[in-house]
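For reference, Swiss-Prot has these:
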| type | residues | note |
| --- | --- | --- |
| DOMAIN | 10-75 | domain 'J' |
| ZN_FING | 165-242 | zinc finger |
| BINDING | Cys178, Cys181, Cys230, Cys233 | Zn(2+) 1 binding site |
| REPEAT | 178-185 | repeat 'CXXCXGXG motif' |
| BINDING | Cys194, Cys197, Cys216, Cys219 | Zn(2+) 2 binding site |
| REPEAT | 194-201 | repeat 'CXXCXGXG motif' |
| REPEAT | 216-223 | repeat 'CXXCXGXG motif' |
| REPEAT | 230-237 | repeat 'CXXCXGXG motif' |
Amino acid sequence: MNNSEWANKNYYADLGVSSSASEDEIKKAYRKLARENHPDKNPGDKAAEDRFKKAAEAYDVLGDDKKRKEYDELKALLASGGIRGGFGSGGAGFPGGFRTSTGGFDTSDLFGGGQGGGFSTDGGLGDIFGGLFNRGAGSHQSARPTRGADVQTEITLSFVEAAKGTTIPVELTGDAPCNTCHGSGSKSGHPAKCGTCDGTGFTSENKGAFGFSAPCATCGGTGEIITDPCDNCHGRGTVRKSRSITVRIPTGVEDGQKVRLAGQGEAGPNGKPAGDLFVKVHVKKDDVFTRDGSNILITIPVSFSELALGGAISVPTLNKPVKLKLPAGTPDGRTLRVRGRGIEARDSTGDLLVTVQVSVPKNLDDNAAEALRAYAEAETNSGFDPRANWAGQNR
């Protein structure tokens, strides 16, 4: 992001506080947003990652008294019309910037001309803009290529692997640092400074009343040129390679989520940092388990006698089976809870929810049939009527 874009940010809104918020309120708001949207808590959630970054950027300014003062003064000046048009098009000395002179007032003075320098105007404008937009001469540096491309791949896991977490090898083919020149692209390992842009990565051009800056055509905006290209990578600093990396999948990952591995994407050009790797997870359906958040759901068949008389049954879990006690008279369809046998979350562990379902035998031998007839007779003699309280009894 160009520093000139800071003026178009609403940092108070990004933190959800008013412009009169105290230092403590700003700190609390930032911590809350950072905790809720942290990438470790929301693996693969791009929206949460964006909110996390916006909150961090806002707190970097509003959490610093000096920066906040500069920011507030700048926003007030823009709101009052002191600078027309805002900074949507940048300013002189910024990529895509402008400068023009009307009525003896040269707006290039406001931005330190085309050199990225400080302000020389009176009235405190240098104090307002100097801190925000001139963090050092040559602010074009921020527009240079800074990292390699991001990479996305996909994997498929079983339900149990996704619920418990696992590590899995992933095969990738992409740009990797050249071992010969150690990613520099140069035989000597040291690219030369571009003479066209003097290492800034940008050149300026005047067209009448306007001045424009653009990425340097000689170096492509990097500020460096390769005068002695590496024989192996031909000056790129990267070569195509196949590699295998081990990806750690966190517990409880859900179907469709993405896991981000910082710095595991393609290598950056000429020694620049690598991009990120995003692993999209697909989870196969399981014959036994389903899930509801961090809870695991299972339906298990039981006999009528087990429900009527009570007893203990063996129930599978993510690890080893456990014994579940059925109270006498448990109704068909009842769901019983086994605490702590679900999916581990950051602050707690879910439960195993077991629903019992009567399995009615299709064929009975003579002894079983006789026993059931005897039971039915005893049931009638005891006065038991399963439809006694049924709403449709008298219809």
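Glycine is no exception: its Cβ is also placed from the backbone N, Cα and C atoms.
Structure with Swiss-Prot features highlighted.
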residue	record	DSSP (3 states)
Cys178	Zn(2+) 1 binding site	coil
Cys194	Zn(2+) 2 binding site	coil
Cys216	Zn(2+) 2 binding site	coil
Cys230	Zn(2+) 1 binding site	coil
* Reported as an integer number of Å, what is the Cα distance between Cys194 (Zn(2+) 2 binding site) and Cys178 (Zn(2+) 1 binding site)? -> 22
* Structure fact -> Given the binding-site residues Cys194, Cys197, Cys233, the candidate whose Cβ has the fewest other Cβ atoms within 10 Å is Cys194
* To do: Within the same chain, and leaving aside Cys194, Cys197, Cys216, Cys219, name every residue whose CB is within 8 angstroms of the centroid of the CB atoms belonging to the recorded Zn(2+) 2 site, in sequence order.
  => Gly195, Thr196, Asp198, Gly199, Thr200, Gly201, Phe202, Thr203, Ala217, Thr218, Gly220, Gly221, Thr222, Gly223, Glu224, Ile225
* Inter-residue C-alpha distance, Cys181 (Zn(2+) 1 binding site) and Cys219 (Zn(2+) 2 binding site) (nearest angstrom) -> 19
* **Interface present between the repeat 'CXXCXGXG motif' (230-237) and the repeat 'CXXCXGXG motif' (178-185) (three or more C-beta pairs under 8 A)** => yes
* Asked: If we check Cα distances from Cys178 (Zn(2+) 1 binding site), which of the binding-site residues Cys197, Cys216, Cys219 wins as closest?
  -> Cys219
* Show which residues of the chain containing Cys216 (Zn(2+) 2 binding site), separated from it by at least 6 in sequence, have their CB under 8 Å from its CB. => Cys194, Thr196, Cys197, Thr200, Gly201, Phe202, Thr203, Gly223
* Asked: What does DSSP give as the helix, strand and coil breakdown of the zinc finger (165-242)?
  -> 0 helix, 35 strand, 43 coil
